[in-house]
Amino acid sequence: MAPAATAAAPRLLRAALLLLLLVAAGRRAAGAPVVNELRCQCLQTLQGIHLKNIQSVKVTTPGPHCDQTEVIASLKTGQEVCLNPTAPVVKKIIDKMLNKASAN
């Protein structure tokens, strides 16, 4: 082999090993779950909203992302608002939405 080819061999080997390491790390990360948000979504809440304006309600229980119960209402206008889960009006809304869903 020529001296130039011999000097390039370690660099080529190093580049190939680095590429192999990156490919292996990428495959391992591909199977990991993806978490969208690691914080609470509701920074401000409403005490209530009229039931006729609500399309659906999503209740998120406390977990690693947030230590509070979150109630997110999707309105018929397409907007989403956060509701105070401890407000009496919100508790009634959740009960009505659950009863409506179980009746269907």
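Even glycines carry a Cβ here, placed using N, Cα and C.
According to Swiss-Prot, the protein carries these features:
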DISULFID  C40-C66  disulfide bond
DISULFID  C42-C82  disulfide bond
SIGNAL    1-31  signal peptide
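For C82 (disulfide bond), the Cβ neighbour count at a 10 Å cut-off comes to 17, with all displayed protein chains included.
Taking the disulfide-bonded residues C40, C42, C66 in turn and counting surrounding C-beta atoms within 10 angstroms, the largest count is reached at C42. C66 (disulfide bond) carries a strand DSSP state (E or B). Here C66 (disulfide bond) is positioned 14 angstrom away from C82 (disulfide bond), judged by their C-alpha atoms.
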